[in-house]
Amino acid sequence: MSGVAAVSRLWRARRLALTCTKWSAAWQTGTRSFHFTVDGNKRSSAKVSDAISAQYPVVDHEFDAVVVGAGGAGLRAAFGLSEAGFNTACVTKLFPTRSHTVAAQGGINAALGNMEEDNWRWHFYDTVKGSDWLGDQDAIHYMTEQAPASVVELENYGMPFSRTEDGKIYQRAFGGQSLKFGKGGQAHRCCCVADRTGHSLLHTLYGRSLRYDTSYFVEYFALDLLMESGECRGVIALCIEDGSIHRIRARNTVIATGGYGRTYFSCTSAHTSTGDGTAMVTRAGLPCQDLEFVQFHPTGIYGAGCLITEGCRGEGGILINSQGERFMERYAPVAKDLASRDVVSRSMTLEIREGRGCGPEKDHVYLQLHHLPPAQLAMRLPGISETAMIFAGVDVTKEPIPVLPTVHYNMGGIPTNYKGQVLRHVNGQDQGVPGLYACGEAACASVHGANRLGANSLLDLVVFGRACALSIAESCRPGDKVPSIKPNAGEESVMNLDKLRFANGSIRTSELRLNMQKSMQSHAAVFRVGSVLQEGCEKISSLYGDLRHLKTFDRGMVWNTDLVETLELQNLMLCALQTIYGAEARKESRGGPRREDFKERVDEYDYSKPIQGQQKKPFEQHWRKHTLSYVDIKTGKVTLEYRPVIDRTLNETDCATVPPAIGSY
């Protein structure tokens with residue numbers, strides 16, 4: 001039986017009385033299980049405490065490890081820990097298969113060599129180049145070397161990959177992928193399940209997770225980390241269904257909450273992509289890294305923002321302007337439509353700016369697929385055919401799809417090393433935060449640097465979700481003593497929740513959120529300029545101040561979505577602040593975004609010339625470095641620091657460092 005399905009039925013079957021006077025007795029009667037598992041072997045050890053507030057009794061739980069988030073990264077970390085014998089909780093604000101991983105379309109990269117000779121070192125080279133040399137090469141080494149085994153593991157779990165005629169996993173071409181270190185032409189490295197790879201991957205991992213005795217806390221909203229003496233000792237969460245507060249104490253905590261795409265007005269992200277983990281880390285006084293690097297996917301449906309996978313171009317689709325030109329030949333003569341995403345998005349924007357856009361407003365371009373055989377479209381791109389008809393009214397076998405770059409992915413996030421350990425930077429040195437890990441889009445390992453290659457995100461999920469579990473298993477044993485917390489731990493989180501629940505200002509949550517999203521869209525888009533960024537900083541800071549004037553309408557605790565959306569808005573605001581202040585401070589153009597007032601990349605050397613005889617620029621005078629951002633929660637003031645990019649690989653004899661160069665496609 002599905003553990004989470006059992007959860008749902010159990011919750012529906014018995015609803016607790018929600019008056020505060022009845023809570024404590026209800027929790028203690030033992031008539032309702034708090035830990036929902038696959039086979040029901042575990043007994044609840046929950047204890048009720050009123051140390052924080054008599055109005056909000058807190059239910060305490062204890063685990064070896066807690067994973068926050070149940071998308072691809074969270075599920076892989078959770079069942080990896082359970083498989084190793086750890087008593088593991090998985091806290092998720094969504095039913096696992098509703099996580100945003102399900103929306104990924106194109107595929108997952110791995111140098112399997114099923115279509116032609118391939119090598120993971122070529123994949124490594126492409127990823128470093130795609131990152132515009134802001135990626136950490138030790139983490140990229142780890143990810144690309146682990147990629148083939150990770151895909152085979154998924155196949156063994158039952159993931160139904162598309163196949164070649166001889167039964168091998170089918171691999172399509174994807175942007176920025178090459179053979180022989182960029183000298184051997186286009187690589188076919190992207191393993192896929194038609195154009196629904198994320199859907200298949202998430203359901204495969206979810207099905208696998210049900211083999212293990214993991215405790216699921218479904219539709220619980222994580223409020224904050226429980227930090228003591230610089231260590232993470234768990235999380236405090238709100239049960240959305242009944243409004244109860246839960247402290248989940250654990251020796252190790254893994255954040256896998258996804259990205260913060262909803263800081264922007266037009267994006268491919270689900271409405272639940274609200275940067276919850278990123279904000280939790282910020283409130284804990286820890287840094288976030290490289291949040292200014294936001295990826296604009298070249299092909300979102302014009303007017304809707306829905307994703308049209310890069311796999312369309314991998315299958316032979318082409319971008320055309322109003323004159324019918326295949327314009328990418330001008331900007332990327334070799335890769336053309338399969339250049340990296342930053343190159344394609346900027347090229348599309350330039351075509352529109354120069355008057356060659358399509359439609360009455362000349363404000364988009366076309367993605368043409370109707371020159372491809374209908375049988376190929378039906379087999380390789382069935383989801384896109386359906387999406388284009390629903391959201392654009394287009395029959396892809398007869399007419400092109402109107403597309404426009406739209407926010408798609410966050411390269412930045414919580415800084416980690418290649419083992420998934422969350423980092424702080426002290427006196428020029430990286431230090432791990434005891435008990436805290438992160439993976440997936442919430443994390444910044446940094447394998448994507450300033451620009452992610454398509455189909456590396458699903459790879460990131462499974463490789464680093466697994467890495468977190470392995471790293472914890474190396475440093476801890478199941479049943480190790482769980483550190484204690486103060487009796488009033490989480491008090492500030494409950495006070496904040498109460499304040500928002502009874503907020504009676506003048507601004508609706510939806511109104512303030514829309515103002516933030518439109519400001520980010522207009523002030524921090526693909527092309528950026530200093531004066532506009534400065535105006536955006538002032539605007540977002542002002543909007544952050546407006547959080548004090550919010551008005552909520554639902555005062556209850558049962559399924560209070562008004563309260564949950566307001567908590568999510570707080571999280572989005574923290575992400576937006578760090579994004580726009582980091583963007584304003586970075587006086588160069590690197591990766592996804594492009595500064596029109598600083599059009600060149602600023603490295604420690606001028607790599608357009610031989611470096612012999614050049615003097616290396618001091619760290620303070622170049623921008624090949626990671627941004628670390630902190631926010632004063634009370635004032636909204638953003639503080640920026642910087643840490644070096646890691647250029648060494650894990651083993652130089654096995655995988656040589658790729659030295660910086662001027663990127664071209």
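Count begins at 1; order follows the chain as displayed.
Using the three backbone atoms N, Cα and C, a Cβ is placed for every residue, glycine included.
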Binding-site annotation, Swiss-Prot, FAD: partner of ALA70, ALA73, THR92, LYS93, SER99, THR101, GLY106, ALA222, GLU441, SER457, LEU458 in ASP166, ASP276, ASP290, ASP363: ASP276
Listed co-binder of oxaloacetate (same site as HIS297, ARG341, ARG452, ALA455, source Swiss-Prot) among HIS246, HIS371, HIS408, HIS523: HIS408
Whole-number Å value for how far LYS168 (N6-acetyllysine) lies from SER457 (FAD binding site) (Cα to Cα): 22
Whole-number Å value for how far LYS539 (N6-acetyllysine) lies from ALA455 (oxaloacetate binding site) (Cα to Cα): 35
Under 8 Å by Cβ from LYS551 (N6-acetyllysine), same chain, sequence gap 6 or more: ALA503, ASN504, GLY505, SER506, ILE507, ARG508, THR509
Which listed residue (LYS180, LYS183, LYS539) has most other Cβ within 10 Å, given these are modified residues: LYS539
Which listed residue (HIS297, ARG452, LYS634) has most other Cβ within 10 Å, given these are recorded positions: ARG452
Least surrounded among the recorded positions, given as LYS336, HIS408, LYS481, LYS616, when other CB atoms within 10 Å are counted: LYS481
Residue pair ASP276 (FAD binding site), TYR216 (phosphotyrosine) - Cα distance, angstrom, rounded: 18
